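Positions annotated as domain 'EF-hand' by TrEMBL: 69-104, 106-141, 150-185.
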Amino acid sequence: MGCASSKQFKRGAAAGHEDPAILAKETTFSVSEVEVLYELFKKISHSIFKDGLIHKEEFQLALFRNSNKKNLFADRIFDLFDLKRNGVIDFGEFVRSLDIFHPETPLADKIAFAFRLYDLRGTGFIEREELYEMVVAILNESDLLLSDDAVEQIVDQTFKQADLNSDGKIDPDEWKAFARKNPGLLKNMTLPYLKDITMAFPNFVMNSGVGDEEL
């Protein structure tokens, strides 16, 4: 598997992808794990446009099996993965962003990423309206429907616990303290299978569904 992956990666690298050794050095992933992630990236990035970059529609398709489903949570994840802010995700961005979800990534990094996820306007604070929108989006993504009153109660309780200086917004330090007291908040920030993706997908490279002619 490693040989096939390395060979295919070198072909992809020639098209502009970063060296797996560099990505492994900058992240928690090993070189072999980066190579397996390339197979996953390749499959997603060829699902609609076949240009070796992940567009938002392809990202949506990978998450929901539906490229037209609109969800604020998925939009925010895509925006945070799109480090260069150019509307697509390249392989380097894909690996570096997935690293946040690795089980061995420091908790502080996960907390900071989650803060940025909820800070919809990029103001450096989480405001009530932003939290409300994200709670609704996350519930919808989980196919859970709650009344407006129930969502308001969730937001009220969150601000009661997190907004320590009662200024109507949550700053990064308040968020950090709140997240450490409520670890369940970060449950979605860890994907257990990333700890050893080569074992989680032992046949992934051979059965990725992407033929050589698509590279």
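Note: Cβ is positioned from N, Cα and C throughout, glycine not excepted.
Caution: TrEMBL annotation is automatic and unverified by curators.
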Outside the domain 'EF-hand' (69-104), six or more residues from its ends: residues with CB under 8 Å to it: 12, 16-18, 23, 26-29, 34, 37-38, 41, 52-56, 59-60, 63, 110, 113, 116-117, 120, 133-134, 136-138, 140-141, 189-192, 194-195
Mean of pLDDT values spanning the domain 'EF-hand' (150-185): 96
Secondary structure composition of the domain 'EF-hand' (69-104) [DSSP: H/G/I, E/B, coil]: 21 helix, 1 strand, 14 coil
Helix-strand-coil residue split for the domain 'EF-hand' (106-141), DSSP-based: 26 helix, 2 strand, 8 coil
